[in-house]
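The annotation domain 'MTTase N-terminal' is assigned in Swiss-Prot to 9-126. Residues or ranges marked as [4Fe-4S] cluster 1 binding site in Swiss-Prot: 18, 55, 89. Positions annotated as domain 'Radical SAM core' by Swiss-Prot, on the basis of sequence analysis: 149-381. The feature [4Fe-4S] cluster 2 binding site is assigned by Swiss-Prot to 163, 167, 170. If you look up Swiss-Prot, you'll see 384-448 marked as domain 'TRAM', on the strength of sequence analysis.
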């Protein structure tokens, strides 16, 4: 290394929470790689900068954060030059408390200010005091971030930030702000950039992604349905997913896209939270169970082979046995494939936190176990029905458990492993005969692939 070269610094990022946080962490990595020539490491003990990207959805998020920070405090003692930063939704909500309880933390930043990390690091180096920036500067961060580097055949693309629904249980509007959509040209530029790097599948992200209303160059407003048609026309992009959606924003135009755009996958994650109208009203969800079911049935009419997944909150204040049974009926009726389900925990500052909650914890745990068992049974039934089918999968790499097998995903998000020793198939589509259904994956045999001359 010459005397003029700057030594490479190492960056460790710990990510909690949703896919938006995963996306943000990847962008931090790109950003600091460009601004400070940093490279990622999986070992915090060798890092020059440690960042934790936090999530405040679940209870005890704060305590988990301080537990993690406590482990890194010793690293700071060993290396006073180490920079420790806290980002994400807990930082946005609890910035002052973090600075007070963990004075060894150098940077505190929210989801909307991560693009200012390089400047924050320089400020810290120059004046030595903790730098806190948890403001909500609209959509500015996307203007300041470098184009992303692809990591594999699939990529997340954030198309909007925040949520304006203010469900009574949810902290997101307070930590990520109101809904703000990226301009269409910005989204398209990122998708095209990823496609040129070999990305075949994009997953469009937003806390309430189907509320997307992006400005086009001519001043018109483009919704998610129209944006999907634009992205489907990008050369190289063959699969499109989006998450997370809100039932109220699931428009007729978006339902119709399932009939028009084959690149849109046959899998939809649409959180409902409860199958009880009474609980939905208390949650301020803005729709009934019947309205929710009607939308799913219309989507299934356009795409008969589609699979559905959802979110469920068990033990919301006032939930009765009848409310829970209504949720179980909805799960049966809609044949949900997978779910994110958990016991309600009050989030500070939300309206539901003030509601009386007299349901015993043991009852909540029993209900959650029953719900998760039902979903697992339904998922296995769907997997077994796929045995004997030839499924088109996007090959993403080698199987984690068996390097002699390649692995990929079906349209309905099933992991498929199959025996193949040709690494050229990674990043390509393949047709695989499904031969066995396992609890968390499928196993099959390669029938054909894009590498074949007669592929179609």
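Each Cβ is built from the backbone N, Cα and C atoms, and glycine gets one as well.
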Determine, to the nearest whole angstrom, how far the Cα atom of residue 163 ([4Fe-4S] cluster 2 binding site) is from the Cα atom of residue 55 ([4Fe-4S] cluster 1 binding site).
15
Using C-alpha atoms only, work out the spacing between residue 55 ([4Fe-4S] cluster 1 binding site) and residue 170 ([4Fe-4S] cluster 2 binding site) and round it to an integer in Å.
12
With helix taken as DSSP H, G or I, strand as E or B and everything else coil, how many residues of the domain 'MTTase N-terminal' (9-126) land in each class?
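Summed over the domain 'MTTase N-terminal' (9-126), the classes give 65 helix, 25 strand, 28 coil.
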Across all protein chains in the structure, which of the binding-site residues 89, 167, 170 has the highest Cβ count within 10 Å?
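Its Cβ has the most other Cβ atoms within 10 Å: 89.
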Let's check the environment of residue 55 ([4Fe-4S] cluster 1 binding site): how many other CB atoms sit within 10 Å of its CB?
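Taking every protein chain into account, the count is 19.
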Sorted by position, what residues of the same chain at least six away from residue 18 ([4Fe-4S] cluster 1 binding site) have a C-beta under 8 A from it?
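Looking at Cβ-Cβ distances below 8 Å from residue 18 ([4Fe-4S] cluster 1 binding site), excluding near sequence neighbours, one finds 55, 57, 244.
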For the [4Fe-4S] cluster 2 site given as 163, 167, 170, which other residues of the same chain have their Cβ within 8 Å of the site's Cβ centre?
165, 166, 169, 171, 172, 173, 207, 208
Using the alpha carbons only, what distance in Å do you get between residue 170 ([4Fe-4S] cluster 2 binding site) and residue 89 ([4Fe-4S] cluster 1 binding site) once rounded?
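Counting only the Cα atoms, the answer is 12 Å.
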What are the other residues, in sequence order, whose C-beta lies within 8 angstroms of the center of the C-beta atoms of 18, 55, 89 at the [4Fe-4S] cluster 1 site?
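Filtered neighbour residues, in order: 16, 17, 20, 21, 54, 56, 57, 88, 172, 175.
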